[in-house]
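*Asks:* Quick paste from Swiss-Prot:
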{"type": "ACT_SITE", "residues": "Asp92", "note": "active site, proton acceptor"}
{"type": "BINDING", "residues": "Asp67, Asp88, Asp92", "note": "Mg(2+) 2 binding site"}
{"type": "BINDING", "residues": "Asp67, Asp70, Asp88", "note": "Mg(2+) 1 binding site"}
{"type": "TRANSMEM", "residues": "32-51", "note": "transmembrane segment"}
{"type": "TRANSMEM", "residues": "58-78", "note": "transmembrane segment"}
{"type": "TRANSMEM", "residues": "103-123", "note": "transmembrane segment"}
{"type": "TRANSMEM", "residues": "150-170", "note": "transmembrane segment"}
{"type": "TRANSMEM", "residues": "172-192", "note": "transmembrane segment"}
Amino acid sequence: MGVFNRLRSFYEARIAPTVASFLSRISPDPNIYTLASPVAAAAALPAWLYISPVASLLLIALSLLLDAVDGAVARFTGRVSPLGSFLDSSLDRISDSLYHATLYIAGVHPLIVIAMLSGGLIVPYLRAKGESLGLEVRGRGLMERGERSIAILAILAISIYNLQTALALASAAAVLVWITVIQRMVYIAGELRR
C-alpha cells in the first residue's frame, strides 16, 4: 500500500468523520461541496493572472479540500447516491483540466501540460473501466489523483520562484502519469486474461 493510500485510509478513518460532522452543519448536501470544487479551480485561473500566484495556489488547495470532503459529508449524512458519485467523478475531471490550465498560465510548456492532462484523464478512466468489469483498481499505479494533485501544487509553487525547476518537475510528473497508465493497463489486461 502506497504512502497516499495509507494517508487516505487515515483520513477516512480519523479525520473525515470530524470534518464531515462540522461541514454537515453548514450544508448537509454533499453536492454543494462537489459543485464548489470546480468553481474554486476555475477561480484559480484569473487569480494567477490578476491577483497573485499565491492566491491561485490557495484556491486550488481549497478545490482539492472540497473534493476530499464531499464524500465524507455524503457518508456522514447518509446521502450517498449514484447522482453524487456521478457528479463527483465528472466534476473531478473538470477540476483536473482547470488545474492543468493553471500550469499552462504559470509557464509550463504546452506539450508537458498536454502530456500530464491526457495521462491524468486516462488514469481514472482505466479505474472506472476496470471496476465496471469487476476489478479493484484503486491503489494501482504511481500517480493516482492525490499524487497528481500534490505534484501540480508543487509545480505551481516552484514555478513562482524557478520556472526551469518547475518544468523539470512537470516533465517528471508527466512521465510518472504515463507510467501509471501503463501499470493500470497491464494490471487490468492481466486480470481479464485469468
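Positions of Cβ are set from backbone N, Cα and C atoms, glycine also.
Source: prediction; values computed, not measured.
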*Asks:* Sort out for me which stretch, of 32-51, 58-78, 150-170, 172-192, has the most Cβ pairs below 8 angstroms to the transmembrane segment (103-123).
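*Replies:* Highest pair count goes to 150-170.
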*Asks:* Go through the chain and flag residues at least 6 beyond the ends of the transmembrane segment (150-170) whose CB is under 8 A from any CB in it; none is fine as an answer.
*Replies:* 4, 53-54, 56-57, 60-61, 64, 99-100, 102-103, 106-109, 112-113, 116, 143, 176
*Asks:* Would you kindly give the Cα-Cα distance separating the residue listed as 'active site, proton acceptor' and Asp67 (Mg(2+) 2 binding site), rounded to the nearest Å?
*Replies:* 8
*Asks:* Which one of these recorded positions, Asp70, Asp92, has the sparsest Cβ neighbourhood, judged by other Cβ atoms within 10 angstroms?
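*Replies:* Sparsest of the recorded positions Asp70, Asp92 by Cβ contacts within 10 Å: Asp92.
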*Asks:* Who are the long-range neighbours of the transmembrane segment (32-51) in its own chain, taking Cβ under 8 Å and residues 6 or more past its ends?
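*Replies:* Same-chain contacts beyond the ends: 23, 57, 59-60, 62-64, 66-67, 69-70, 73, 84, 87-88, 91-92, 94-95, 98-99, 101-102, 105-106.
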*Asks:* Sequence gap of 6 or more, Cβ distance under 8 Å: name the residues on the same chain that satisfy this around Asp88 (Mg(2+) 2 binding site), in order along the sequence.
*Replies:* Thr34, Asp67, Asp70, Gly71
*Asks:* CB neighbours of Asp67 (Mg(2+) 2 binding site) within 10 A?
*Replies:* 23
*Asks:* Please list, in sequence order, every residue of the chain apart from Asp67, Asp70, Asp88 whose Cβ lies within 8 Å of the Cβ centroid of the Mg(2+) 1 site.
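*Replies:* Counting only non-site residues, the set is Pro30, Tyr33, Thr34, Ser37, Leu66, Ala68, Val69, Gly71, Leu87, Leu91, Asp92.
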